[in-house]
Amino acid sequence: MTIYNFSAGPAVLPKPVLEKAQAEMLDYRSSGMSVLEMSHRSKEFDAIIKDAEYLLRELMAIPDHYRVLFLQGGASTQFSMIPLNLAKGKKAYYHVAGSWGKKAYTEAVKLSKTIPFEPILLASSEEETFSYVPTFDKDVIDPDAAYVHLTTNNTIEGTALYDIPDTNGVPIVADMSSNILAVRYKVNDFGMIYAGAQKNIGPAGVTVVIIRNDLLNSEPALSSMLDYKIQADAQSLYNTPPAYSIYIAKMVFEWVKSLGGLDQMEVKNREKSGLLYSFIEQSSFYQSPVKNPKDRSVANIPFTTPSKDLDEKFVKEAEAAGFKNIKGHRSVGGMRASLYNAFPVEGVIALIDFMRVFENQNSQ
């Protein structure tokens with residue numbers, strides 16, 4: 001039985017990458033060592049981390065005046081790191097279109113009790129269960145603010161922000177954890193981008209930060225480990241980095257490049273998601289909780305049946321049929337198909353076939 005992994009993260013990785021990692025597990029390029037055990041100061045690992053940065057710069061067209069960092073702590077640590085480094089004595093705006101954006105804002109509010117800055121809720125769609133991406137008037141933003149924080153893809157709710165809003169000249173800080181390398185964004189539109197690896201980059205353990213030089217803090221942050229300038233000056237080697245996760249990330253970047261790069265990856269992702277959205281649209285049995293088609297994520301597609309009982313039955317039968325981790329997040333319910341870069345189109349077609357049979361067997 002073929003297994004299709006719909007996990008929202010950690011997520012499916014490219015098979016060629018896993019096979020290469022397997023082949024190099026005990027002896028990386030005749031070094032006599034596994035990447036798991038080699039020094040992060042060795043010439044072998046120095047080449048790995050430099051190649052990873054070079055490839056990511058090439059794929060995303062990252063300008064020279066941005067630094068690329070490979071950090072630890074997941075994207076959630078960035079919720080604290082961002083205000084600690086960027087927001088002292090200033091306003092910081094938060095665009096909240098999903099659960100992760102809310103967590104970023106909540107953490108900022110918590111930090112504002114101990115460091116001097118003012119987190120402001122710019123817009124939120126929480127009152128309608130984050131079923132759409134809210135808009136805002138740029139004129140309400142203080143041009144002297146530190147940043148506007150937004151999330152480009154809402155993993156749980158299945159919405160995404162493709163058109164970057166006007167923020168009245170204030171730098172945008174973007175959480176791209178679940179659609180980095182999936183769709184094209186212009187790096188120049190952002191002051192900072194960050195992403196946890198475990199969706200489209202590699203295994204959990206490394207967090208990518210892309211930050212404009214002028215945003216590197218001039219004053220020390222609360223902790224050296226949480227200081228962007230210290231991390232940048234140390235070239236992500238202030239302490240022992242998540243070496244193996246960076247190694248896998250480098251191979252994922254190579255894989256994306258081999259398939260034609262980011263633009264070709266976006267074409268493939270829109271094809272995959274389009275197949276599933278089209279099927280849901282023509283069905284009277286399945287529903288999408290996302291209100292506006294323009295807000296639909298290409299990476300995470302939630303859907304429901306007519307009842308919670310049928311949702312539970314669907315998940316149980318789908319799991320037995322090889323469709324793993326398709327249960328929706330507990331805050332949304334239903335099902336969620338996460339179609340990250342490494343997820344094959346064949347899996348989408350197989351899921352649609354299963355959905356069609358389930359609908360025929362369970363329609364009133």
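Positions of Cβ are set from backbone N, Cα and C atoms, glycine also.
Summarising the annotation, Swiss-Prot assigns L-glutamate binding site to Arg41. Taking all protein chains in view, 9 other C-beta atoms sit within 10 angstroms of the C-beta of Arg41 (L-glutamate binding site).
Cβ environment of Gln198 (pyridoxal 5'-phosphate binding site): Gly9, Pro10, Ala11, Ala204 lie under 8 Å away, each six or more residues apart in the same chain. What Swiss-Prot records for Ala75, Ser76, Trp100, Thr155, Asp175, Gln198, Asn239, Thr240 is pyridoxal 5'-phosphate binding site.
Residues or ranges marked as N6-(pyridoxal phosphate)lysine by Swiss-Prot: Lys199. Annotation note: Lys199 (N6-(pyridoxal phosphate)lysine) sits in a coil segment as assigned by DSSP.
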Checklist outcome for this item: Cβ contacts within 10 Å for Asn239 (pyridoxal 5'-phosphate binding site), all chains included, total 11
Checklist entry - At the Cα level, what's the spacing in Å between Thr155 (pyridoxal 5'-phosphate binding site) and Lys199 (N6-(pyridoxal phosphate)lysine), rounded? => result 10
Next on the checklist: Fewest other C-beta atoms within 10 angstroms of its own C-beta: which of the binding-site residues Ser76, Thr240 fits that?
Outcome noted: Thr240
Checklist outcome for this item: In whole Å, the longest Cα-Cα distance within the recorded pyridoxal 5'-phosphate binders Ala75, Ser76, Trp100, Thr155, Asp175, Gln198, Asn239, Thr240 is 30
Next on the checklist: Quick check for the class: what is the C-alpha distance, in angstrom and rounded, between Thr240 (pyridoxal 5'-phosphate binding site) and Lys199 (N6-(pyridoxal phosphate)lysine)?
Outcome noted: 23
Item to check | Long-range Cβ environment of Trp100 (pyridoxal 5'-phosphate binding site), under 8 Å and at least 6 residues apart | outcome: Ala75, Thr151, Asn154, Thr155, Ile156, Asp175, Ser177
Checklist entry - Does DSSP give Trp100 (pyridoxal 5'-phosphate binding site) helix, strand or coil? => result helix
